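The structure under discussion appears below in the form of structure tokens.
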Amino acid sequence: MNFLYGLQSATRNQFLSGVNTLARRRTWTPPAGCPLASRLPAVNANWGLSTVSHCYSVILLPRNLHFCRTLKNKRSRCLSSAQSKEMGVLTYNWTVWGDASCSPNYAAIREVRSFHTSAPRQAAPVPLLMLILKPVQKLLAIIVGRGIRKWWQALPPDKKALFKDSVKRNKWRLLLGLSAFGLLFVVFYFTHLEVSPVTGRSKLLLVGKEHFRLLSDLEYEVWMEEFKNDLLPEEDPRYLTVKKVVYHLTQCNQDVPGVSEINWVVHVVHSPKVNAFVLPNGQVFVFTGLLNSVTDMHQLSFLLGHEIAHAVLGHAAEKASLVHLLDFLGMIFLTMIWAICPRDSLAVLGQWIQSKLQEYMFDRPYSRTLEAEADKIGLQLAAKACVDVRASSVFWQQMEFSESLHGYPKLPEWLSTHPSHGNRAEYLDRLIPQALKLREVCNCPPLSGPDPRLLFRLTVKHLLEDSEKEDLNITVKKQKPDALPIQKQEQIPLTYALGKRTAG
């Protein structure tokens, strides 16, 4: 097992690669100018390289600063806390920020090797089979249901009466069979529940992690093909900003289950869409439209924390599992609809009603629940990264205010897969006091300046007052051309107020 190099500089990746070489070949000689060269004898002595001929792996826990290796006899040895801290501080100071003395000629390493609990060839057929069978099972349900209806319609009256009598005689057996099926379904459901280590909530998982990771890799290839001409280069300041935020969030939350297990890779797409998403395999996609919509790094940190929370919590696999379960139950109801409805037109109408009921009663409410959970965990990730969490609700207030200014129609929340902007802002406002306490626990510096939420409300109030006075001024001029002009109050632009708060 090797290191996974993620959002690291080329020099730090070279050092980690050197530590891996040290583990495999027992020797690694860094350049003379590397500040880490004088510390390697202590590493060799602690790991016993003079007596042990081979080791299997070297592990670096970034925030805990422990360098460990697994020996051939399956035992592990770690540097002491003081030695690990010294090595970690040197690694961070001299390599993360671009010191070239350790590796002047090495390019950045994006990914070395992925972890697998099963061979990729064994993992491939299952998710691909699910994708293929999903439309097939719906077609099969329609064919079976329609066939049952045609069979029943073709039966003569005497055979229909005979069949009804048989059902009445065996009703208890049928009831017992249905009860057994229901019991098996309940057992299947509860045996596929898993408890999230982050939230403690039980969730249904029907898709294995490796199988779903393969699906994520396939989805990643599709997105990369679509965005191949719109990706910003790694030298672009916007890319570097997003990379810095993602790296800071993940490094400050290494103790959160799942964060350290994912190799986070950043992609910035040149697009006016206000959007960002993270695939379950750690591929982060951020659109420049979102970068233009946020006011400062605090808002961007919260939004990326929200997307990272989706990946860490496994929401994609959870939603896919729910969809598979509902598809199975829907197949039963679909068969019944096509069997009971006397005409195909009525069956099509019944199928449409069934799909809409499933969408608006299960799919969309569940999606809104997952979004709210990602908001909560994303706010906690941002708080542990010492972000001004008060800016989180301001972003959604800005989005709501912008939509109202543009006159966009306000749809009911139950029609959407996401909570409304106003409800999200209110929900975050209720969570912010707890997030501020978490910042204090993490020894973050105290927040300075006024509350950005108050600044935003005052700014909006001034904008609305000035707008009303301008409208009143125009109306008075039309009615009384000779009237004295009304003195216009000084307008406080939105960008100025928010920029002033950011500078503070």
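Heads up, residue numbers simply count up from 1 along the chain you see.
In case you wondered, yes, glycine gets a Cβ from its N, Cα and C as well.
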For the Zn(2+) site that Swiss-Prot lists with HIS306, HIS310, give the additional residue from the candidates GLU234, GLU235, GLU371. GLU371
Taking 175-195, 322-342 as the choices, which stretch does Swiss-Prot tie to transmembrane segment? 175-195
Return the single candidate from CYS252, CYS386 listed in Swiss-Prot as disulfide-linked to CYS444. CYS386
As a whole number of Å, the Cα atom of GLU371 (Zn(2+) binding site) is distant from the Cα atom of GLU307 (active site) by 9
By a simple count, how many Cβ atoms lie within 10 Å of the Cβ of GLU371 (Zn(2+) binding site), its own Cβ left out? 19
Reduced to three states, what secondary structure does DSSP give GLU371 (Zn(2+) binding site)? helix
With an 8 Å cut-off on Cβ-Cβ distance and a minimum sequence separation of at least 6, pull the same-chain contacts of HIS310 (Zn(2+) binding site), or say none. PHE277, VAL278, ALA316, LEU370, ALA374
8 Å Cβ shell about HIS306, HIS310, GLU371 centroid, Zn(2+) site members excluded: GLU307, ALA309, HIS315, LEU370, GLU373, ALA374, ASP375, GLY378
